[in-house]
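These notes concern the structure reproduced below.
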Amino acid sequence: MWTQRNAVGNWLLVLTAVIGFLTFIWIPQTSAECQTRSIYCYECDSWTDARCKDPFHYTALPRDQPPLMTCNGCCVKMVRHQRSRYEVVRRMCTSQLQINLFMVDHVCMMESSGNGHMCFCEEDMCNSSKNLHTNGCQLHLIPIAVAVSWLMGQLLSR
C-alpha cells in the first residue's frame, strides 16, 4: 500500500541518487581540468626569495613578484613551520613533485604535526593566496548528503 512514508522514502532515494550522480560527474571533471590545460603558477621559495612569504603581495608589479611558470598540472603552495619565525613557503607546479595523488581543486593536506600544509589549486596564479579554501560546490553537497542520510536512517528504522 502506498503511504506517505513510502512517498517520502522514495523522494529521499531519488534526491540521494541525484546528489551522488552530480558528485560522481563533478569531481573527476575537476581533476581532469587541472591536468589538461596550462596555467601559470608562482615558482619560489621564501628561504631564498622574501617575495614568496605570506602575506603575498599579488597586487605588486610583475617585476616585484616571484617568477611565474607555465604549469601542465595544478599550482601548489607548501608551508612548513607555519606561524613561527622559521616559516617557509614554497610555491610551485605539481609537475615538480615526485608524488602521485588524485588532486582536486582547492584541497589542502595537513602535516601530521600540524605545523604545515600543502594546498592544490587550478587557476592562474592561485598559489599566491594566503588561504586556499574548499570549493563552495563541495561544501553545499556535504550538508545535503548528511541530512538525506539521517532522514533515510530515521525512515528506515521505523
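Every residue gets a Cβ built from N, Cα and C, even glycine.
Candidates considered were Cys74, Cys75, Cys108; Swiss-Prot assigns the disulfide partner of Cys41 as Cys75.
Among Cys34, Cys44, Cys93, the one Swiss-Prot lists as the disulfide partner of Cys71 is Cys93. The feature region 'Loop 2', as given by Swiss-Prot for the ranges 77-91, 107-121, sits at 77-91. The disulfide-bonded residues recorded for this entry are Cys41, Cys71, Cys108, and the Cα of Cys41 lies nearest to that of Asn127 (GPI-anchor amidated asparagine).
Only residues 6 or more beyond the boundaries of the region 'Loop 2' (77-91), in the same chain, are considered here, and those with a CB under 8 A from a CB of the stretch are 41-47, 52-54, 66, 111, 115-119, 121, 127-129, 132. For the disulfide-bonded residues Cys41, Cys71, Cys75, Cys93, Cys108, a Cα-Cα cutoff of 10 angstroms around Cys126 (disulfide bond) retains Cys41, Cys75. Model confidence over the region 'Loop 2' (77-91) stands at 92, taken as the mean pLDDT rounded to a whole number. According to DSSP, Cys119 (disulfide bond) is assigned to a strand segment.
Cys119 (disulfide bond) sits 8 Å from Cys75 (disulfide bond), taking the CA atoms of both as reference points.
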